[in-house]
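In what follows, a structure is listed as structure tokens, so that the remarks can point back to it.
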Amino acid sequence: MSGAALAVVVVVVFFLAFFLLQRYGDVRKQQWMVLLGTLLSWYLCFLIVFILPLDVSTTIYKQCLDDNAKQPTPPAPSRRSNQSLYSSVSELKPCVEPWSYIPEGILPVFWRVVYWTSQFLTWLLLPFMQSYARSGAFSRVGKIKTALIENAIYYGTYLLIFVCLLIYVAAHPQWRLSWREFQTIGITAANTWGLFLLVLLLGYGLVEIPRSYWLSSSHGYLLAKTYFKVAKMAIEKSAAEKDLADVMEDVADVNASVRYNTNLRKCVDTILTKCPSGYQEEMTTSTSDREHVQPTERDLANLHKKVISAVQRHSQTQVQWSILLDEALHLEDVAKSLSSSARLFIRGSSSAQHRDCLCRFLYSPTVEWYWECVFRQIFYRFMAVALCLLSVAVVWSECTFFSTHPVLSLFAVFVEAAEKQYNYICIEVVCFITILFLCVCVYSTVFRIRVFNYYNLVPHHQTDAYSLQFSGMLFCRLTPPLCLNFLGLIHMDSAVSHQDRIQTSYTSIMGSMQVLSFISNGFYIYYPMLVLLLCFATIYSLGSRCLNLLGFHQYITDDELTSDLVDEGRDLTRIEGRKRQKAKDGDKQKWSWRERHRPLGVTSRTRSGYTELRDNHSSSVTEFKPNGITFSRREELEEPLRPLLDFRDEAPPQRSLTEGRYLSLSPSQAGIFDDV
């Protein structure tokens, strides 16, 4: 293939990383430096995961060539020699080149660029950019200064650890501190830190992912958990609205206290641009008679930081609230459809319907009923069983991968069996499934975990810059130790197998862990066994119960507080469902009023019937000319539709694309019949 497989993987992985960034980040609004740093960190980590199986197959092919080169060539037998002479000399087995063979010299350069770039991002650039993006300073110099101060302690901690390891190596009488060993110490320190966190996240994901699929096959459990999430999100939404109102009140005080002829006015105007539009209008028109204290530039920087955080959190809760309500209403529709004798999916009028014609044709109510009520449960349980078997295989291999005689690691057994047959496709499939499952267990935990309001990856473009860059840092720190752990599971790492084999190009770049024997022969071998204890802790939900005792509510089926929150979420869903239903009924009523009071002669929207009012129209009056007679739109339509202008709903109407378009009566009345 001459590197064609490598080129294809490089392109495909880039689009995968960009798709995830588009899902969680806002490409149009966030800073391009934040997006570029996050995209590069995700892209490099995914590259390591997808290309490592190709490195394994290429290394096995090189090992075959090396074994044949070391094996002596059998002498040419004479015509009268006995057949037993042939059996005494083993024949050379031909080496088959893998379909994805990467030419010599490409992978070492590739791994060196990918690894050191990712390490530069995670230890130097991303922490600095993280503090820079979160800073409330109003100038670049001020943001850089804030970022340097915040990262001083951060960099000092890791520098202290590195110096301790450096002193340990320098004091050892048998070692000479060369540049290669100096480089290996830095890699070992980074991998040791990553392995600590890797085992914690892996132990949680190995149990939680199969269990989540199994429990999601039960509709009752899924609906109750969604009610629980709705109740929790209602609390967070209320707190976010209150925090935003408090921050906006502080902004209003600052806006009233800072005059327009002062140097701080530019800072206040910058803060106002970050406020929601509704609050901006109130601040420009409202006046306050209270006496205000003149703020300093540092006070304005802190307020600027609070405004950014409060607005982002408010936007996140609003989007999550809408998504959870749609999910809860959909699950209620599934509950109604389960008892349908016609085998048609019954979609409630209050649930969201945003599907185009093609989707409605392919995913008809009958197809939707079979998927939601029959096949979905079967599919989820099948996936749960398959993932559970993979989890058991990973746990067993993590506890036994150090044993090479006999080979107890299941993945090492599969790879060695395929290696004897030179079945490179099987080797790559086994390696890819293994490392992909490990990454799913670890990375999914990174996407799910939430650290108060500082780190939270929210889909639908609602993730802030701080969380995006923090996730990139975690990926860059977790991926190298994860890949080394994977190579240990399949006995392709000499530090584990202690075999005289050709090392993968990735291992040659990482360096030999034998420089620090207490890490290579102790911590690196036995620490992954703790994944078994973490799996048992996750099975019995010990972490969730501890968080529940500390006041962070978690969904626990046998907890009284959970039952109360489920009931509260059910009530909130019903209330919001009635609001949506009332809004749709209001739309229908407006439509009926509009059709009933349509002027005589105006039966269709044609150019001969009337002229539409465009966005750039300067006049608020549009003329109708049916049958050559000129009527004023305002005179003809304002009086019949006056009852509609006074009509108010409890919630903004949720209109679908199939309910038609409405014309604005005038600029002052715009928005009454507009589509959402």
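Each residue, glycine too, has its Cβ placed from N, Cα and C.
Curation plays no part in TrEMBL annotations; they are all automatic predictions.
The region 'Disordered' annotation in TrEMBL covers 602-625.
Residues annotated as transmembrane segment in TrEMBL: 6-25 (among others).
Sequence-distant contacts of the transmembrane segment (32-52) (same chain, six or more residues past either end, CB-CB distance under 8 Å): 6, 9-10, 12-14, 16-18, 20-21, 25, 110, 114-115, 117-118, 121-122, 125-126, 129, 133, 431-432, 435-436, 439, 465, 468-469, 471-473, 475-476, 478-480, 483, 486-487, 504, 506. Residues or ranges marked as transmembrane segment by TrEMBL: 32-52 (among others).
The list of residues near the transmembrane segment (113-132) in space but at least 6 beyond its ends in sequence, with Cβ under 8 angstroms from a Cβ of it, reads 33-34, 37, 40-41, 44-45, 47-48, 143-144, 146-148, 150-151, 154-155, 158, 190, 465-466, 469-470, 472-473, 476-477, 479-480, 509-510. The transmembrane segment feature in TrEMBL is assigned to 113-132 (among others).
Annotated transmembrane segment per TrEMBL: 152-171 (among others), in sequence order.
As annotated by TrEMBL, transmembrane segment applies to 183-207 (among others).
Residues or ranges marked as transmembrane segment by TrEMBL: 378-396 (among others).
Here the transmembrane segment (425-446) has long-range neighbours at 49-50, 52-54, 56-57, 60, 98-100, 198, 201-202, 204-206, 208-209, 387, 390-391, 394, 411, 414-415, 418-419, 457, 471, 474-475, 478-479, 482-483, 485-486, 489-490, meaning same-chain residues at least 6 beyond its ends whose C-beta is under 8 angstroms from one of its own. The transmembrane segment annotation in TrEMBL covers 425-446 (among others).
Residues or ranges marked as transmembrane segment in TrEMBL: 525-543 (among others).
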Check your understanding: Do at least three CB pairs under 8 A connect the transmembrane segment (6-25) and the transmembrane segment (525-543), leaving out pairs fewer than 6 apart in sequence?
Key -> no
